Amino acid sequence: MRAPCEEAATAVESAGVGGEEKKEDLPQQAKETLNKGEETNKDNFRSTECSKTRTMDLKCNHSRKYISITVPPKTQTMSPHIKSIDDIVVLGINLSRFNKLTQFFICVAGVFVFYLIYGYLQELIFSMEGFKSYGWYLTLVQFAFYSIFGLIELQLIQDKRRRIPGKTYMIIAFLTVGTMGLSNTSLGYLNYPTQVIFKCCKLIPVMLGGVFIQGKRYNIADVSAAVCMSLGLIWFTLADSTIAPNFNLTGVILISLALCADAVIGNVQEKAMKLHNASNSEMVLYSYSIGFVYILLGLTCTSGLGPAVTFCSKNPIQTYGYAFLFSLTGYFGISFVLALIKIFGALLAVTVTTGRKAMTIVLSFMFFAKPFTFQYVWSGLLVVLGIFLNVYSKNMDKIRLPSLYDLINKTVEMRKSTTLAQTV
C-alpha cells in the first residue's frame, strides 16, 4: 500500500505525459490528493502529539507521587515536647495570648501563691509532734507524687520515648535524692527560716567547685557576692544557735550537703536535656521514679520504713494529705518559674524568687511561733546583697551602676546648688 504522497506524485507525472484535454483535470485531482494527504498527516501528527502529551502527563502524574510534599500544620512539624517560641503554656493556660504585663503578673502570682503554700505546708508537716525524724519518708512520698505527676504530663504529649540514657538518669536521681532528702531531713534540726537562708546561698558551693575542680577564676563581683553570703550565713546561724531551742549542728551539715548536691545537679540536668533534647516531664518522671526506688531501698535496709508508715497511718490527713498538697504546689510552682525565665530571663526570675523567699521567712515568723532577733534581719540583708552582686556580675551589660567618681561629682554639685540657693 502506497502512501498518499506517492499517489499524488504519480498523478502529477501522468498529468505531464497526457494530452491537452487532461491538462486541467489531472492537476486538479493532484491538488485534491495532496490536500487529503496533508490533512491526513496533520491528523496523524496531532494524534502523535496527543499521545506524547498523555504519556508525559502520565509520567508527570507518576513522578508527582514521589516529589509532592505535604506541609503539615505548625504543631505537627515540631517535636511534641518542644514548644514554639511564642507558645508558652503553663497549667493549660496559654500565656502567649496575653501582653507582657499580664504575663508577668500571672507568673509572679503563680510563683508566690504556689511556693508560699509549699513552704507553709512543709513547715506545718514538720511542726507535727513526732514527725521530725521522718524526713526521708516525706521525701519518699514526695517522689512518688512527683513521679505520678510526671507520668500524667508525659501521657498528654505524643512523644513518649525516653531520650536520656538510663545511666544518666541514675546519676541525676541520686543527686535529686541528696538535694531534696537532705533538705527535708534538715528541717528536723533547723528552723525553717535558717533552711531558706541556706538555700539562697547555692552560689558558694558552685564557686568552690568551679575553683577546685575546674580551675575557674571569678571577678570581684562574684567574690564579693560569695563573701556577703558567707558572712550572712554565719551571722544568721549564730543568731539561730543563740535563741533557737532546737538548733543542732547536724542540720547545718545536712543542708550544706543538700546545697552541694543541688549545685551539681543543675549542670548535669541542663547538659543532659540539651544533649538529648528531652522534655521536662520525661526528666521529672524518670529522675523521681528512680529516686523513689533509691529511698525505698534505703529505708528498708535501715528499718526506717515500718515506723514511718505506722506513724503516718495514724494521722493520714496531716501527713499524706498535706504531703500531696505540698508536692502538688511544688510541681506547679516550678512550672511558673520556668515560664518566667523563658519570657523575661533569669535576671527577673532570680529577683522574683528572692522576694518569694523573703516573704516565706516573714510568713514563717507570723504563722509559726519561734524566737526572733534583729540579727536575722541584718544577716538576711547581707545574703540579699550577695544575691544582688551575683546577679549583677552575670548581667553587667544590662545593669549599669554609677561609678564612685560620678556619685562624688553629683554630691558636690548638689551641695553647690544648695549653697547658691541659700545665698540668693
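Backbone N, Cα and C atoms are what each Cβ position is placed from, and that goes for glycine too.
As given in TrEMBL:
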- 1-46: region 'Disordered' (REGION)
- 33-46: compositional bias 'Basic and acidic residues' (COMPBIAS)
- 104-122: transmembrane segment (TRANSMEM)
- 134-157: transmembrane segment (TRANSMEM)
- 169-190: transmembrane segment (TRANSMEM)
- 196-213: transmembrane segment (TRANSMEM)
- 220-238: transmembrane segment (TRANSMEM)
- 244-265: transmembrane segment (TRANSMEM)
- 285-308: transmembrane segment (TRANSMEM)
- 320-340: transmembrane segment (TRANSMEM)
- 347-369: transmembrane segment (TRANSMEM)
- 375-392: transmembrane segment (TRANSMEM)
>> Is it true that the transmembrane segment (320-340) and the transmembrane segment (134-157) have 3 or more CB pairs under 8 Å, sequence gap of 6 or more?
In response: yes
>> How about long-range neighbours of the transmembrane segment (196-213): same chain, 6 or more residues beyond its ends, C-beta under 8 Å?
In response: 119, 183, 222, 225-226, 229-230, 232-233, 236, 252, 255-256, 259-260, 262-264, 354, 357, 360-361, 364, 379-380, 383, 386-387, 390
>> Using a threshold of three or more Cβ pairs below 8 Å, and leaving out pairs closer than 6 in sequence, do the transmembrane segment (347-369) and the transmembrane segment (104-122) count as in contact?
In response: yes
> Which one of these stretches, 169-190, 220-238, 347-369, 375-392, has the most C-beta pairs shorter than 8 Å to the transmembrane segment (285-308)?
Replying inline: 169-190
